[in-house]
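Undergrad: This is the structure I want to talk about, given as structure tokens.
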């Protein structure tokens, strides 16, 4: 099974990287972008029987710094994983 | 003064730190590789140096904070041994949870490398005891992730308990309340972004860092 862990900055935490991307989009003349927030996607390949508590613990102990970041866990069954060229 | 400098893959201020400690105390510090599981007995100071441990992978300090040596650092800190984290060392101390908050990307994105004028709160901790209260000191900074963040109530607590011991005279990186260095509640753990070990000798361009180490001899 694959896990997709999305790590994003909490609301209210300044995101200079997102701001710079936003600025660059505007300088490329793209209109209508109101805000940009940058985050991380961490993909794990794990045993199918892995405990949810262990997944949570991985996020809490290492993958996210919960002082500044939120995380979201998405489980993707192997059959649903498609390679893209 | 018996001291140890913790060395991680990607530390690059470990030797500067060792030179500074020997210059002031006359004793060579123990250089302790992060994979060790114990520290020498009877330490007076543990220094966590600057650099880019583990290439800043995941977050600055995140991987180093999960090293083998960390439980020993935590145990020593809890018994009152002084711990000094400079730059990446400060980031590592927040990632370990020995200091509150987090160091984020500088608000203006750029790496900041310059002499930073600092205000010092000298009375709170032995580390800053040798600095006069009104004096602005100058210590070099060199970092990309020095933007101190903590929740408002945490910042209030730091201020109420007088744990903000270094502040930037001008905000160079977006840090909340101009915070450049903080201590734990007991005052034996200091994390700071500026590099006192780079301001030891007049040939460095300044000696304001030296008093921080000298104060620890008392």
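Positions of Cβ are set from backbone N, Cα and C atoms, glycine also.
Please treat TrEMBL annotations as automatic predictions, because they have not gone through curation.
Small disclaimer: the values here were computed from a predicted structure and weren't measured.
Feature list, courtesy of TrEMBL:
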- B:87: active site, nucleophile (ACT_SITE)
- B:195: active site (ACT_SITE)
- B:197: active site (ACT_SITE)
Undergrad: Residue B:197 (active site) has how many other Cβ neighbours within 10 Å of its own Cβ?
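TA: I get 31 for this one.
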Undergrad: A 10 Å Cβ contact count, applied to the active-site residues B:87, B:195: which residue has the minimum?
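TA: Candidates: the active-site residues B:87, B:195. Fewest Cβ atoms within 10 Å: B:195.
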Undergrad: Rounded to the nearest Å, what's the C-alpha distance separating residue B:195 (active site) and the residue listed as 'active site, nucleophile'? Just drop the number here, would you?
TA: 7
Undergrad: How many Å separate the Cα atoms of residue B:87 (active site, nucleophile) and residue B:197 (active site)?
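TA: Roughly 11 Å, rounded to the nearest whole number.
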Undergrad: Any idea what DSSP makes of residue B:197 (active site), helix, strand or coil?
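TA: Reduced to three states, the DSSP call for residue B:197 (active site) is helix.
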Undergrad: Under DSSP, is residue B:87 (active site, nucleophile) part of a helix or a strand, or is it coil?
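TA: DSSP call for residue B:87 (active site, nucleophile): coil, neither helix nor strand.
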